[in-house]
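Notes follow the structure.
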Amino acid sequence: MGQKRQRDQKGPGSFAKKRKKSAKPSDATAEDSDWDGIVGMNELNWKEVALPDRLEDAGGFFGLEEIEGVDIIRSEGNGEIKFKKKEPEETNTQSDDEWEGFGDDDQAVSQEESKETQDEPNESDKKAKVKESKNAKKEKKKNAKDARKEQKEKAVESKEDKGIKSGLSFAALQEEEDDGADVSAWESLGLSPEILAGISKMKFTTPTSVQKACIPPILDGRDVIGKASTGSGKTLAFGIPILEYYLEKLRSKTQKDSEKTETTPIALVLSPTRELAHQLAKHIGEVVSHAPGVNARIALLTGGLSLQKQQRVLTNADIVIGTPGRVWEVLSSGHGLIRKMQAIKFLVIDEADRLLSEGHFKEAHEILAALDRVVDGEFPDESSDESDDELDPKSGRQTLVFSATFHRDLQQKLAGKGKWTGGDIMSQKESMEYLLQKLNFREEKPRFIDVNPVSQMAENLKEGIVECAAMEKDLFLYTLLLYHPKHRTLVFTNSISAVRRLTQLLQTLQLPALALHSSMAQKARLRSVERFSSPSSDPSSILVATDVAARGLDIKGIDFVVHYHAPRTADAYVHRSGRTARAGASGKSVIICSPDEMVGVVRLAAKVHANMANRKKVPLESLELDRRVVSRVKQRVTLAARIVDSNIAKEKVSSEDNWLRTAAEDLGVDYDSEEFDNAAARGRGRGRGRQERERKAGSTSKGELAGMRAELKQLLSQRVNVGVSERYLTSGRVDIEALLRGEGNNSFLGQVDPLDF
């Protein structure tokens, strides 16, 4: 009873059995040393990692090596790492479609596999079925889409066939043959037949003055600095010689029957804005598409688009056009791209005064320094002492510089209290010295071509000024737009917030307004420009923009430019006003000036029109608006401003509330909006009046907003009555027949005298 049961002693065999059981799942790691393909780390075929051309803050990550096609095996016991080469996949010599019949071994193997997989579902088959079903759905959608597209095309073709008369078929062919224009005026420039054919198809009968003056010296290999007024055709002045060099290179390549090598760009064109870069690519691309035998590939490098895609496009590009920021990002992050770009034959800097101005476009200076660096293999840091000795003293490329303003004095702020210099236009000597310090020209003295030395403004541009109170700018802007109902108008402001507010205000007043500023996404910016410039768009469309649209944009049909804010610098005014009166057309430019902006506007007139002092023409004419019109439309603008200010204030309060709520959650504290409001109400100081107005505007109820919208809608449904008796229509100077036909200005009911410049 008291004896304890003795436990059987376990011999070493039992421990061995346990070890065997535990070792079963790790047989692969225990016997990995016996596997074939395991090699030492130093025996692998390591490859050096290719670093970008310019890598900042590398932190010692130089000399990195990589290996492909190797499996890493880690032992469970001691954690030792071993490397095993992947076995190459055996290529199946027999085709999958070949059938060899059934065999006994195959049946036995298939039976065993079916028994093993009977209990467990095959996940790969399920995935394959799901994938097949998705592909089938995609194919069905694609087929349906193609069918609808074919039906539409057939319908369009049938409509076109119905509209064509049988007797006009040969006349249509003759019109296509006679499509080109007479380009005999271009023959003196020494252009090739291919380029002349493209110019003929584009209907450019005569070259502009800047094209006549600049194309021959560029074809002769000279460095050129071109100064011409806005809208004078500077793009083709450098685009045509680049395409001529492309054709010459193409002919020499075909004559020598040289082997095909990787494409090297022949030209780099830098522009300050994305919109201007897109426009340059469009204009040069039109010449390429119309000229027979010219197949130059253009790479457009601007922000807002895929960086990897632009790097791929750059590998086979002949002409590279872009903004400095994205061009430098692509070049510095790529492999061998800087070395490739050093072989370019043309460096074009459009709007050079903006790109080379102090404190702006740091990337432009980086690009210029990288293009001139001649170090074998690597590009050392710019801070090194030997960097000055490594710059190429004379570049082998042509440098072409174009702008409408080169005077550094024009970039001085007009409203500043600092020393104000005279308004004399920059002389040729001063411009040359300024650019020679910034750029590495091939020649000691590049050719300076000033087509219009007397005035920087277009000849057919009419300039005016409207004086008003600071709080009445919205009212006078709306009145000016009513005076020009069928004019495509461009409104410039000095801030992004003003663009957003004015766009909403004009849209509330039922005017077709679009916005353009630098904070917009790239696709939205392109969409706004496309809608504004489309021939099918409303002829009275309005584009409210910052100075991002001031340079280079060539939009046909802009008749009217309004400066809602006086420009900060004189060169900004020159480029803003240059959006109209382009290529010999007429245009108007009006500044809405408040009393605090008057000093800057007076300085502006003195700077821009310095050489017109002895002429009878007044540079900026004072325009008087009809006070009857201003008083009648004041109620409209007041209601629209209250609606817009209320919406903006509510959006601002909502965004601030969301930010404070998120910050409180991150800190782990309770958020009480009333407590924050009470604390803000106790504060004093600058900005309290504005905050109080925003709070009052944001507290407007939905019912009040609906009432204001209804009242505004009723006012907008009627014309502005300027002294017409609604009971006795035949009295006064009203032309009833013209009103019934819809002639004249449909915004007014009565006779309104147009603005006289």
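Positions of Cβ are set from backbone N, Cα and C atoms, glycine also.
Bear in mind that the values here come from a model prediction, so they are computed numbers and not experimental data.
When Swiss-Prot is compared with the stretches 302-305, 350-353, 422-425, 578-581, the one noted as motif 'DEAD box' is 350-353. Spatially close to Lys234 (ATP binding site) yet at least six residues away along the chain are Val210, Gly226, Ala228, Asp350, Phe402, judged by Cβ distances under 8 angstroms.
The number of other Cβ atoms within 10 Å of the Cβ belonging to Gly231 (ATP binding site), over all protein chains shown, comes to 23. Neighbour counts of Cβ atoms within 10 Å were compared across the binding-site residues Thr230, Thr235; the minimum falls on Thr235. Packing against the motif 'DEAD box' (350-353) from elsewhere in the chain are residues 234-235, 269-272, 276, 280, 401-403, 405-408, 410-411, 435, 551-552, 571, 575: each is 6 or more residues past its ends and has a CB under 8 Å from a CB in it. As a whole-number mean, the pLDDT of the domain 'Helicase C-terminal' (460-626) in this prediction is 89.
Here the motif 'DEAD box' (350-353) is broken down by DSSP into helix, strand and coil counts: 2 helix, 1 strand, 1 coil. Of all Cβ atoms in the protein chains displayed, 20 besides its own lie within 10 Å of the Cβ of Gly233 (ATP binding site).
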